[in-house]
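Here the structure comes first, spelled out in structure tokens, and everything after it is commentary.
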Amino acid sequence: MTPHINAPAGAFADVVLMPGDPLRAKYIAETFLENAQEVTNIRNMLGYTGTYKGRKISVMGHGMGIPSCSIYAKELITEYGVKKIIRVGSCGAVNMDVKIRDVIIGLGACTDSKVNRIRFKDNDFAAIADFGMAQAAVQAAKNKGIDVKVGNLFSADLFYTPDPEMFDVMEKYGILGVEMEAAGIYGVAAEFKAKALTICTVSDHIRTHEQTSAEERQLTFNEMIEIALESVLLGDSL
């Protein structure tokens, strides 16, 4: 047990899917996993372990922002022996080549947060996904006939930015999606010798102001989860 996770030793699989919303974690467990059991619920940050096509997999919420997700990712890795974390969440698009409902695989994550500079002695740290995990996710998407975009995300410290001109800079540098956690999770994984990947669904477009409906989000969210789960199986065979 830790101050933030009340699961017993051995409660988590070596691979954990992590949405921000704990209710999405519950949905994933109930919809996609067999024999799913709740293993933690402190602060209502729900976590479950079950099986997917016979493979033991866990799912747990991580909350909003780098500080929250970093706590859970670190404790899962160092206290529960988790080897791989797949963040599954939503993001906003700033690039006109990206459309709502697109699925993005985040090879890297830029950020305005200073957490990785703190851990990297005030130098820039290239926050990147594990290549094998990204490769497996791309292949899983191809196998299911789902188009994905692969590239850089931007992990923002502020949801309500005071500097909207920054979106112009993001677009110039080819950022595919804006979210709030990937750079932190990649930094934690690097520090503690684990592996991580972020897969996001575009829920809204910052430029066009388009938004997905609740029904549309659910459908595309399911595609993202299927990619993540199938990538775990493919990763086992690589």
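Note that the numbers count up from 1, one per residue, in the order the chain is shown.
Keep in mind that glycine also has a Cβ here, set from the backbone N, Cα and C atoms.
Feature annotation from Swiss-Prot assigns purine D-ribonucleoside binding site to H4, E179, M180, E181, S203, D204. Within the same chain, residues at least 6 positions away in sequence whose Cβ sits under 8 Å from that of E181 (purine D-ribonucleoside binding site) are G20, H62, M64, G65, I66, C69, R87, G89, S155, T198. Secondary structure from DSSP puts E181 (purine D-ribonucleoside binding site) in coil.
Of all Cβ atoms in the shown protein chains, 20 besides its own fall within 10 Å of the Cβ of S90 (phosphate binding site). What Swiss-Prot records for G20, R24, R43, R87, V88, G89, S90 is phosphate binding site, and it gives similarity to another entry as the kind of evidence.
Cβ contacts within 10 Å of D204 (purine D-ribonucleoside binding site), excluding its own Cβ and spanning all protein chains shown: 16. Residues or ranges marked as active site, proton donor in Swiss-Prot: D204.
Under the three-state DSSP scheme, R217 (site 'Important for catalytic activity') falls in the helix class. Residues or ranges marked as site 'Important for catalytic activity' by Swiss-Prot: R217.
In sequence order, H4 are the binding-site residues from H4, E179, M180, D204 with a C-alpha within 10 Å of the C-alpha of R43 (phosphate binding site).
Among the recorded positions E179, M180, R217, the residue whose Cα lies closest in space to that of R24 (phosphate binding site) is R217. DSSP assigns G89 (phosphate binding site) to a strand. The number of other CB atoms found within 10 A of the CB of E179 (purine D-ribonucleoside binding site), across every protein chain shown, is 25. In sequence order, S90, C91, G92, I100, Q211, T212, R217 constitute the residues six or more apart from S203 (purine D-ribonucleoside binding site) in its chain with CB-CB distances below 8 Å.
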